[in-house]
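Taken from Swiss-Prot as is:
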| type | residues | note |
| --- | --- | --- |
| MOD_RES | 1 | N-acetylmethionine |
| BINDING | 179, 180, 181, 182, 183, 184, 185, 186 | ATP binding site |
């Protein structure tokens with residue numbers, strides 16, 4: 001019996017013994033080197049560094065070929081599911097190498113002309129875009145939001161590849177992120193599109209991101225005719241028809257759908273308003289049938305999301321304000337950047353929250369500054385991620401105004417900036 005069990009264990013694949021480690025290789029914009037040559041050089045680099053600790057980035061290389069052609073080699077996303085960085089034995093892992101170059105052209109506008117009106121219907125990026133480089137890493141969440149979203153899209157690709165019967169098992173390729181303003185929902189959608197374009201670069205040559213302008217889409221101009229909506233989605237269909245492209249359609253503030261429906265029911269808008277909303281839902285139903293499209297949507301007002309749209313979403317993820325632990329990570333990344341740029345000088349080592357926990361939050365010369373940052377993080381709870389990323393700038397502008405500052409001085413300024421932010425918030429709410 002034991003022998004049979006042993007044979008069975010050998011026959012079954014053991015995923016845990018050979019985890020996949022994703023390595024992103026940013027090729028220089030002017031480089032014309034072949035991907036196979038870059039791949040060989042990167043493998044040699046990785047073979048020389050068998051053990052790494054969590055995510056790791058190389059920007060300087062002994063190999064002249066890599067120096068000429070590669071801007072960075074990054075071991076990424078190892079910390080998405082693990083609470084803390086873990087040592088990784090690269091020799092025991094399956095390496096997934098993703099080589100890419102950034103598109104530096106910036107967004108273009110998709111215009112729709114209606115008589116004399118020139119309506120900007122959407123913004124369009126070719127991915128991976130220089131504008132979104134580093135955005136994924138800057139977003140910090142308390143739950144495994146990023147890993148769940150990555151796994152979701154990878155599963156849609158797998159099910160499509162295996163020709164799973166969608167009549168038996170349904171999936172719509174629609175993601176809905178909802179929560180209060182300033183929590184990074186739109187940024188996460190853009191970062192996800194960028195990340196997946198890189199992750200699937202061996203399958204799709206490039207990505208396309210279309211951000212639909214909801215405010216224009218549901219204005220009186222668009223409400224006059226569903227034909228314009230059809231025309232806009234036809235442009236999107238043209239992009240989807242290129243099977244070398246992975247297409248992301250981003251609809252921000254999707255609660256506008258509900259606003260248009262309710263206005264029509266109340267008699268405040270012409271009947272065309274309901275037709276334009278139905279046209280959008282119909283077009284979404286048509287494009288989601290294609291295997292190379294993902295529809296990303298956001299909403300600031302959870303209770304007002306149209307039920308017809310909610311039913312279409314495979315994932316409905318709430319994105320709330322960051323906790324003190326997430327705020328600590330956000331501030332820590334800001335301080336690291338300011339030390340790198342020598343605005344905070346001299347550089348000093350800060351402990352992570354996990355390291356503070358391991359020493360029982362005891363104050364000493366090593367932990368003093370990190371404990372102060374932890375205290376500032378706790379009193380910052382209630383502020384949005386958008387505000388938190390602005391606070392280091394405001395701290396410098398309001399309380400420092402010098403080319404460089406010590407970390408002690410900066411933390412004092414940051415604490416004052418947090419206090420001021422809450423004071424202003426209180427004053428504003430008094431007038432609402």
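Here the Cβ of each residue, glycine as well, is placed from N, Cα and C on the backbone.
Under 8 Å, Cβ to Cβ, and six or more positions away along its own chain, residue 185 (ATP binding site) finds 177, 178, 179, 298, 300, 319. Same-chain neighbours of the ATP site beyond 179, 180, 181, 182, 183, 184, 185, 186, judged by a C-beta within 8 angstroms of the site's C-beta center, are, in sequence order, 298, 300, 319, 384, 385, 386. Sorting the binding-site residues 179, 180, 182 by the number of other Cβ atoms within 10 Å puts 179 first. Shown are the binding-site residues 183, 186; the one with the most C-beta atoms within 10 angstroms of its own C-beta is 183.
Cβ packing within 10 Å was compared across the binding-site residues 181, 184, and the lowest neighbour count falls to 181.
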